[in-house]
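Novice: Below is a structure I'd like to ask you about.
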């Protein structure tokens, strides 16, 4: 959307003025940069909410380690590999196609930033980014979310097995959220500590 708007403005410039074009280009780059600045980096930051909406469920603010005006990232109840986290739009959106252009840009810029940091933090060598967009694709929580998984050599005997593991994790996540059962694999305190560790990476 920003590129299209910039193109329209350039088309209307008299004599294709290079100086004005450069100024406009810088202005739009600045707008994109401001859009994706984490809220923790802004003056007069709004208080962190106690909970975040994840479809019909609530995620404790203690489990959220990164947020912008449009996106947030949180640790996983039952990670497939160390560092397996989720990134969501703050607005409740069921399908990827329903995201606005700004939400799409912000979501992927957030995923890129988080993936880069967590790959280094966990001394991994690769990353898996995946979206299950709709029930037939394995989505169990009707809220767009990106799985980010730091990858290491030999973490799965067959690389494609990771997608089966993600499908299983999605089903277990929904069951846990639906029943509000006592967490056995990871307690709320364990998840909060992990989020604290990641939060430092982006401070």
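Counting starts with 1 at the first residue shown.
Each residue, glycine too, has its Cβ placed from N, Cα and C.
In case it helps, TrEMBL gives these features for our protein:
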DOMAIN    50-158  domain 'HIT'
BINDING   76, 132, 138, 139, 140, 141, 147  substrate binding site
MOTIF     143-147  motif 'Histidine triad motif'
ACT_SITE  145  active site, tele-AMP-histidine intermediate
SITE      163  site 'Important for induction of apoptosis'
COILED    163-190  coiled coil
Novice: Do any residues, 6 or more residues outside the motif 'Histidine triad motif' (143-147), come within under 8 Å Cβ-to-Cβ of it, and if so which ones?
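Specialist: Hits for the motif 'Histidine triad motif' (143-147): 53-55, 84-89, 92-96, 98-99, 107-108, 111, 128-133, 166.
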Novice: Relative to the Cβ position of residue 139 (substrate binding site), how many further Cβ atoms are located within 10 Å?
Specialist: 21
Novice: In the three-state scheme derived from DSSP, which category covers residue 163 (site 'Important for induction of apoptosis')?
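Specialist: In three-state terms, residue 163 (site 'Important for induction of apoptosis') counts as helix.
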Novice: Would you mind splitting the domain 'HIT' (50-158) into helix, strand and coil residue counts from DSSP?
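Specialist: Helix, strand, coil within the domain 'HIT' (50-158): 30 helix, 34 strand, 45 coil.
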Novice: Name the residues of the same chain, 6+ apart in sequence, whose Cβ is under 8 Å from the Cβ of residue 145 (active site, tele-AMP-histidine intermediate)?
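Specialist: Counting only residues 6 or more apart in sequence, the Cβ neighbours of residue 145 (active site, tele-AMP-histidine intermediate) under 8 Å are 54, 86, 87, 88, 131.
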